[in-house]
Amino acid sequence: MSGQKPSLRSGDSAQSRFQVDVVTEGSPAAPAPVPAPTQAPAPASTDGSKPPEDSKGRFRVVGFMDPGALGSAMDIGLPPDVSHEPDTARSDSVSLHSTGTGHTHISDSHSNTYYMRTFGHNTIDAVPNIDFYRQTAAPFGEKLSRPSLSELHDELDKEPFEDGLANGDEPSAAEEAAALAAKEGKGGTVKFGWVKGVLVRCMLNIWGVMLFIRMSWIVGQAGIGCAESHRRLTIAIILMASVVTTITGLSTSAIATNGFVRGVVNDETLINTVYSCYQGGAYYLISRSLGPEFGGSIGLIFAFANAVAVAMYVVGFAETVVEMLNDVDALMTDELNDIRIVGTLTIILLLGISVAGMEWEAKAQIVLLVILLAAIVNYFIGSFMSTESKEPKGFFGYNTAIFIENLGPDFRDDETFFSVFAIFFPAATGILAGANISGDLTDPQSAIPKGTLLAILITGITYVFVAISAGSCVVRDATGDHNDTVSDTVNCTDAACTLGYDFSICKEGGCQFGLMNDFQVMSLVSGFGPLISAGIFSATLSSALASLVSAPKVFQALCKDNIYPGLGVFAKGYGKNNEPLRGYVLTFCIGLAFILIAELNIIAPIISNFFLASYALINFSVFHASLANSPGWRPSFKYYNMWVSLAGAILCCVVMFVINWWAALVTLLIVLALYIYVSYKKPDVNWGSSTQALIYNQALTHCLNLTGVEDHVKNFRPQCLVLTGYPSSRPALLQLVHSFTKNVGLMVCGHIRTVTRRPNFKELSQDHARCQRWLNKKRIKAFYTTVFSDNLRHGTQFLLQAVGLGRLKPNTLVMGFKNNWSDGDMRDVEIYINTIHDAFDLQFGVVILRLQDALDVSHIQGQDRCPSSYLTQGKTGNESISECQRVSLTSPSAISCCVISVTETKSPLSLTDQRLLETSQQFKKKQGKGTIDVWWLFDDGGLTLLIPFLLTNRSKWGDCRIRVFIGGKINRIDHDRRAMAMLLSRFRIDFSDIHVLGDINTKPKKHNKLTFKELIEPYRLKEDDMEQEAAERLKAQEPWRITDNELELYKAKTNRQIRLNELLKEHSNAAKLIVMSMPLARKGTVSSALYMCWLETLTKDVPPLLLVRGNHQSVLTFYS
């Protein structure tokens, strides 16, 4: 053994549950040279394949061994009598410490290099691995996952492992080669870097028609700049737009670097390749940050804005083409119709390029960028090449006098700073062009920040230099006439006069040249005019092409999330890049509709406001996520600030209203309407949004604040722990309690599961999620919680003591009446009554609901359906039924939450079950006119009166009136009535009538007393008929037995319950609901059987009845 290399693979690996492979990793040997081993080590597998004798386990743990460190015992300096054993049974490890004298000491340590290198690879416990944190499937095989806690903690023979490729197994060399060949055969997915995917797209969108057609006019109106603080300037317009886009770019970068863009899986032969199909751009960023409400509303608007933007850019292109045709007198019809014709042909061409795929679209973008850059360079070169032929048109080359004259503003035609800014700002709305195709980027986290911010910087500098250049070499007005030179008789003082020209006639209007009059100034200044036209074509077509690609991608992502029903048809993708061809067609139709308008000034305000709304929400997303302080908010991009983002959001909103107040208002209303719709529909998605994080923070803060506030009677709310079992098991109990706790108090549906087998966490969590979702689907504002216990009493004790948080804890126990108590084991009655006693011991109020037809409907097949999301998606017919059955079988009592709902397999219901179902739904419908009879016989603090009052505040019970019944003396009936009326008026509780019962203590009817005697007969101890010792022994074994002494002691109380039942039938037989003070039984004195007989006698054969007993702390007050 001393000369053999230790192996971590045991000889009986075929019988081992978990397989441990050794993978060598080359690294320099640390120990000093030693004699060569006498026996060659067992070869390690390096190609990923496994020896045939190894069994496949679910997890394969790979050990990365250092050949030097894992040599023989002599190699690492172990004494001959010491060998290495894998530490599968021990947590402590052996470390070797060299003293420098040639001796090696053995000690226990966890920090030695040798064991650090082998740690985690000789145990089924997995070391940290990035694949465990992915939300998508691995490139080969199924999704990798770490061993579950149960698999590490449970006994080894609990359950066998599944066959097949184990999680964590790598494919063999042959499998990998076949997979790669299949991928190459079908063609790999096209991915772009930050330059081609983000920088180029953003620059092409920002360098739009405004650069070539409107920039010179903006300089003429606003001026380059001026010294007076109250004036406005072109550079300020550019900087203001740049501030908005830069802040939004920083926010976009922060969101984009807070985790990877998640993709979905597409099967390709032997592999599952991850294709990022969530290319939703602004929609994805906002929805995953703020949630579906904001994300869904802005996603629809953003997709529509991109579709309309296609029309804007195409119309801009068509206008230029039609102007050129007009110059050569080649119009087809008239200018407006020619714009429509050219625009229609152009969008058809762009659609063809887009449908050809992202690769062709990217190549087209590069060609257009080259043309655009050449046009910009051509302009700057031409600005230094002034000729006499251009001087009459206002171009004189760089001149100080022209620069000074154009430094200040000269607003004309009712233009203002904000109106000019409104015209310029659409030029800055292309910053999300890269983020819109985030799924097609190789590394979105790195590409989006670098590409977006650099594009903003480059384009901003370009706009500033173009503004300075145009304002330094072109005058505002020019006639274009060579004869308009300066004469001695004319008093001329402007810049043109110093250069020999007199354009003063332009002050009267009519001039066609100069910054203010000619939109083609850049063509005039450039060295080669046609190249500027090519630049205009490049700018418009590239922007149109980018928008034509972005809109379908955003819309596809929105449809995939299924936020708006009916849009799923547009979620389907085609080809290797999952191209949304249907979305392309829809975008084409929208774009074509707006192209037919052929008016750029009508289209632009709509687009600008929609884009600004998106920018505002992106900035607000960053502020919101930072404010929520969620641990999951960890952007790798650090150059952002939550307050700067908030300022950016406010600035975007201000700019929206400055540009066009009515368009901003319409945009706001549309966002609000969509937000309300999504909030109402509550789509079944969970994206871990900052809204959830902020709600948690606020809830936690408020809960902590409540703990420091003493309870006050004015703020008392019934906070109910309702023993419903599964929520759908007792719908009548659930609906009634929900009626007086909705938006008022806490409601917790408690479920005590008394199963014999050990609970399985997976089943428990699935049941909990399923039932909570059932409550949400039924719009019942309640929580669901479950405990495992051996009986009802112990489970209720757990719930009474543990449920709740701070002040949000139940104060009232609500349960159903045990209708079948006489047919079952009396030990269950003992548990039931002791549960009531426990609640009183813990100072809880107790409410018991009795319906004559019982409450539990869980045994009735088909009484309720679980939501469709509980069933396996994509299955139909019997497959869905099988899945539902599977869920029920894993937890047999779960049938009430997930029941088979197919008429072919449903047996007809009995008359009893039909009546039970009808009764169980009686509190779900509107009650109509009637009464709620309150038998407030004993003062329990007012809970008996508060519950009916809360019920009558609900629309279902709004037509019911409260009648109050109290006990009193026959000779004081009027006095007692007036006293109660005064108390109720001070409590501000409306009532229709007050009945004072002076005959409560009258003896009950004889036949009712006989009925009670027959009821208790089976449960009497009858100690007089047996020996005292035998009676005591029987009483100890069956403590629920009723003794003769007990019957005699509580004879008056027994008669009162019988008499009250007679009065209930007499006065409240037609009531919609009876709320009555619950009789108390002294613990340890009244047996469970006698107390149960009291409750049975009191509530028998009457309308729905609530027995209520508060904890005798005041819940009502008449003080302000």
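Placement of Cβ uses the backbone N, Cα and C atoms for every residue, glycine included.
According to TrEMBL, the protein carries these features:
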COMPBIAS  1-18  compositional bias 'Polar residues'
COMPBIAS  30-40  compositional bias 'Pro residues'
COMPBIAS  91-110  compositional bias 'Polar residues'
DOMAIN    108-159  domain 'Amino acid permease N-terminal'
DOMAIN    197-721  domain 'Amino acid permease/ SLC12A'
DOMAIN    730-868  domain 'SLC12A transporter C-terminal'
DOMAIN    910-1120  domain 'SLC12A transporter C-terminal'
REGION    1-60  region 'Disordered'
REGION    72-110  region 'Disordered'
TRANSMEM  206-226  transmembrane segment
TRANSMEM  233-257  transmembrane segment
TRANSMEM  269-286  transmembrane segment
TRANSMEM  298-318  transmembrane segment
TRANSMEM  338-357  transmembrane segment
TRANSMEM  366-385  transmembrane segment
TRANSMEM  451-470  transmembrane segment
TRANSMEM  531-551  transmembrane segment
TRANSMEM  584-604  transmembrane segment
TRANSMEM  610-627  transmembrane segment
TRANSMEM  639-657  transmembrane segment
TRANSMEM  663-680  transmembrane segment
For the transmembrane segment (298-318), give me same-chain residues lying six or more residues beyond its boundaries with a C-beta closer than 8 angstroms to one of its C-beta atoms, as numbers and ranges. 208-209, 213, 280-283, 286-287, 338-340, 342-343, 346-347, 350, 426, 429, 436, 536-537, 540-541, 543-544, 547-548, 550-552, 554-555, 557-558, 563-564, 586-587, 590-595, 597-600, 603-604, 606-607, 610-611, 613-614, 617, 667, 670-671, 674
Tally Cβ pairs under 8 Å between the transmembrane segment (233-257) and each listed stretch (338-357, 531-551, 639-657), then give the stretch with the top tally. 639-657
Counting each residue once, how many in the domain 'SLC12A transporter C-terminal' (730-868) are helix, strand and coil under DSSP? 59 helix, 26 strand, 54 coil
Counting only pairs 6 or more apart in sequence, are there at least 3 Cβ pairs under 8 Å between the transmembrane segment (531-551) and the transmembrane segment (338-357)? yes
Can you give me the average pLDDT across the domain 'SLC12A transporter C-terminal' (910-1120), rounded to a whole number? 90
